[in-house]
Every structure is written in C-alpha cells, then in structure tokens.
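Heads up: the structure comes next, in structure tokens.
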Amino acid sequence: MRTGADYLAAISDDREIYVDGERVRDVADHPAFRPIATTMSELFDLAADPSSKMTFTAPETGAEANRIYGIPRSQADLTAFRDAAQAWARHTHGWVGRSPDHVGAFVAGFAAHPEAFAAGERDFSANVQAYHRELLTQSKYVSYAIIPPQVSRATTAHAWEGDFVQAGVVEEKPDGIVVRGAQMLATGGPIADEIFVSCIKPLTEDDRDFALGFVVPVAAEGLKLYCRRPFAPAATSSYDYPLSTRYDETDALLVFDDVFIPWEKVFVYRDVAGLRRQFFDTGAHVLGNWQAQIRFSVKLQFITGLARKVAAINGVDKFPGVIEKLGELASLASLVESAVLAAEYTAAPDEAGLWRPGKRAVYGAMGLQAELYPRALSILRDLVGGGVLQVPSSVADMRNPATRADIDRYIYSPNAPAEERIKLFKLAWDATGSEFGGRHHQYEMFYAGAPFVVKGYAFRNYGFEEPLADVESFLAGYHVD
Ligand SMILES: Cc1cc2nc3c(=O)[nH]c(=O)nc-3n(C[C@H](O)[C@H](O)[C@H](O)COP(=O)(O)OP(=O)(O)OC[C@H]3O[C@@H](n4cnc5c(N)ncnc54)[C@H](O)[C@@H]3O)c2cc1C
C-alpha cells in the first residue's frame, strides 16, 4: 500500500503552480501546501496501517487496495466504504472536502459502467477500466475540475468572446488530443497526483469541442494551476489557527496551454451526451456525493461538539434558550448522519451489480446543504459571542511574561484556565470567522454545484410517483355530492 512518504515523494515534481506572483518550486515543501500535503500523507499512512482495516482484495486486480477506490458490489461493500471514508473524515474532522475518496468514488462508479463510455463515436470503456485499476494498484490522489470558468452563465462556451476560454480540444493527433483553455476549480489540485477534467454543466451541440472527459497528471507540460490566496502561510501558529494550519486544501483554476493528453487517458471526446452519461448513468455521481455527505456528517458532528463545549465553558448550557439552540444543532447533525445511513439502507444493486446508495437520501441531504451549513455556523457564531475576539492577538502574547499575567487573570472561565479557553475560542474563530472559515462556508454551499443545481438533483431524484399516486388516490375518494 502507498504510504504518506511515497505520496510526498511523488508530488515533489516539476508541476507549474503559481501563488503570489511566483512559481512554486516544490509543493511538498512550500508554506502554502506543506501543511495540507502532510495531512494528506497522514491519510495514506492511515490507510496503509492494517489496524485501520481500510484495505481489501480488489477483484479487478487480485491485489490489496484501499476500499475507497473499490466498486461496491454488495451492501457489505457499501458499509466498508463508509467505514473507510469515515476513518479518513474523522482524521480531518470533516474539514478536508477533497480527500482522494471523493474522485476515487466517481472513478469506481465510472468503471462499474464501462458501457457509458462506449456509446459515443469512439469506445473509451477500456480506458476507464484501466484507469480504475491504476487507482486500485497505485492509490492515486485525483482531484477534479468539472466546471467551466465563471465567465458568463448567460450562455455556454461557444458563445463566449475569445477562442477556447473553456478547456477544449484544439487538435486531434494519432496518439492523443491537445487541450487549450481553462477549467475551474480544482480543490486540492496543486497537491494531487492527477486531475480529472470534464464538464458537469449542461452544454449544447455547439460546444462539442468542450465536451471532454480526461485525466491529466498535475505535472503535465503546459498545465498551469493558479491558486487562490493560501491561508496557511498567514496563520501565526497552530494554536491561533488550528484548522487553517492543517486543512487549507487550496482551490486552483486550471489553465491548459496546449496540453497533450494521450488517448488512453481520454474518457469522453466531443460528446455532449457523453458528459451526462458518465456522471448520471454510471452511478458515479450518487456514489461520489454519498462520500461527500459522509464527510459532511463528520464535520457537523465536530461543529456540534464545539458549540456544546463553548456553551459549557461559558456556563450557559443550562439556559433553556441555549438548550434549544444546541438541540437545533444536534438535529441538523443527526439529519445528515441519518441521510448517510438511510442511503446505505435503501441502496440497491443496478443492472451492472453496482450497489448505488439511495438517491432520495443522498440528494435530499445535498439539496438542503446550502441552508444547513450556514445555519449550523450561525448557531455556533451565536453561542461564541464576542469570546472569539476577546483573545490575545497571537500565541506570542501568551509567551510574553509581561502580558501573560493579565491573560491568565482575565481571560479564563471557572472550568477552564486561560490557555484552554483561548485555545477553544480560537478554534471556533477558525471555523466561523477566519478566511479559512469563510472559504468553508462557500465550499459547503457550492462544492457540488450552485444551490439551484443541487436542489434540481433533489427534485429529479426524489421519486414523485408514489407521493403523487397517494394524492391522486385521496382526491379520487370524494366528490361533489
Ligand atoms: C470552495 C469551493 C471549492 C470548489 N471545488 C471544486 C472542485 O474541486 N472541483 C470542481 O469542479 N468545482 C469546484 N468548485 C466549483 C463549484 O462546482 C462551482 O462553484 C459550482 O458548480 C457553481 O458554479 P459557479 O460557481 O460558476 O456558480 P454560478 O453557476 O455562476 O452560479 C452562481 C449563482 O448565480 C445564480 N444562478 C446562476 N445560474 C442560474 C440559473 N440558471 N438559475 C438560477 N440561478 C442561477 C445562483 O444564485 C447561483 O448560486 C468549488 C467551488 C467552491 C466555492
């Protein structure tokens, strides 16, 4: 099994990453990326540790593999997948959205339905299956960029000013294709091994050049990653910013400056319908988004625990109004946890034997995520009050004997000395108010698509037949006498 050291060595290559006007020399040893690369390496070490029970023998290769890349072929497989995804999510307390199990689950879904990649003008089914075997044997970390750059949503790429603003094919060669343009927004891209690039937003037949699906090494020649402002380097210490200093995943715009992609790594080619087939006919979308809900559930539990502890330290946890707020938070966390389990309980095998998590439960929870997460943050924000700002400017004030005495005397609680209290409130600030916390607010609202898109999934996957039949039969039971 791949270890954390193997992973760190692999990403120390010649990838072209830009931050603050400079090209990053080595992502594994750069202040913006070292912390999250270290966290990611811990996940690989966890998976390689037999006591974590995250491995199995993959039928596709006959070799040991990480569960998170496996095709669930029974309900027990789904449970094992959840256990593995949860083990990773617990390690990061749900604050890493794009650990390798996210796109890993998508690729497993793709590989369960190779026929979806054979229905276009060319047959790419063997490519998808070969790539899945690569993930099983090599435990690759794949990130994805499946959204056109936010230029204008009034039209699609063919109508935009300028050629190949969205990543598209500019040249077809005997051994592959040449891709030019940009795609958003690869969370974890700078520290991934490879990136899956495609387009989940609906395109038109005029956009065929952009209707692609392929994987590309982050270090591919001509591929550039432009990162948003990193938060980890600005954080003064892990005491002051315990989340920013560990889990700042980075988000990056990809720019393809005529990047060559060999045919073996192409899954969809100039095939608008193929884009939809890969995500929705294969089961990849529901499986990948079930992983996202497993991770989200762990994060909500963490936020609930944080709020409970803050209320206890401030001595307000016996007040009925506070109990109501904590009860609401507990309800939100329980609902998402229940949806995760309900998806497993209502899972069923499809015609290819892939056990798909129940769609109603997965998309129901997703559909409310843009309200659920801001509400959870708002309750935590309400409970912390000004306590998150009644803290010393940094850990340096704690170390300075001239300031420490006042800190110990005034910033304490009956059940928590200064160091403990400040530690907790700084964590609460990193979750709610820091730039990292703000980015997470945006992430949970948008990572699976804008709220109107995600509610569309809930609409399409609820299954209105039964409730409609119920209403019809009730209406049929009475008349104008
Ligand atoms: C922190 C973060 C991390 C991300 N990570 C990834 C990643 O790893 N990989 C990836 O591929 N993508 C990622 N994304 C991108 C994400 O998938 C997109 O943000 C998402 O698909 C929404 O697209 P958009 O941002 O272009 O919003 P838009 O489509 O521009 O929508 C913005 C808003 O405009 C309004 N709107 C637009 N169109 C309509 C319409 N037709 N009807 C009604 N209202 C409309 C809505 O209010 C909507 O919320 C990430 C995003 C964030 C914020």
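Each residue, glycine too, has its Cβ placed from N, Cα and C.
Summarising the annotation, TrEMBL assigns domain 'HpaB/PvcC/4-BUDH N-terminal' to 3-268. Annotation comment: TrEMBL describes Gln150, Val151, Ser152, Arg153, Thr187 as FAD binding site. Annotated domain 'HpaB/PvcC/4-BUDH C-terminal' per TrEMBL: 277-475, in sequence order.
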Segment-level pLDDT (mean, integer) for the domain 'HpaB/PvcC/4-BUDH C-terminal' (277-475): 98
Sparsest-packed of the listed binding-site residues (Gln150, Ser152, Thr187) - C-beta count within 10 angstroms: Gln150
Entries of Gln150, Val151, Ser152, Arg153, Thr187 (binding-site residues) sitting next to ligand 1, with Cβ under 6 Å as the cut-off: Gln150, Arg153, Thr187
Cβ neighbour count (within 10 Å, all chains shown) around Val151 (FAD binding site): 15
Packing count at Arg153 (FAD binding site) (other Cβ atoms within 10 Å of its Cβ): 9
Site extent for FAD, whole Å (max Cα pair distance, Gln150, Val151, Ser152, Arg153, Thr187): 21
DSSP three-state assignment (helix, strand or coil) for Gln150 (FAD binding site): coil
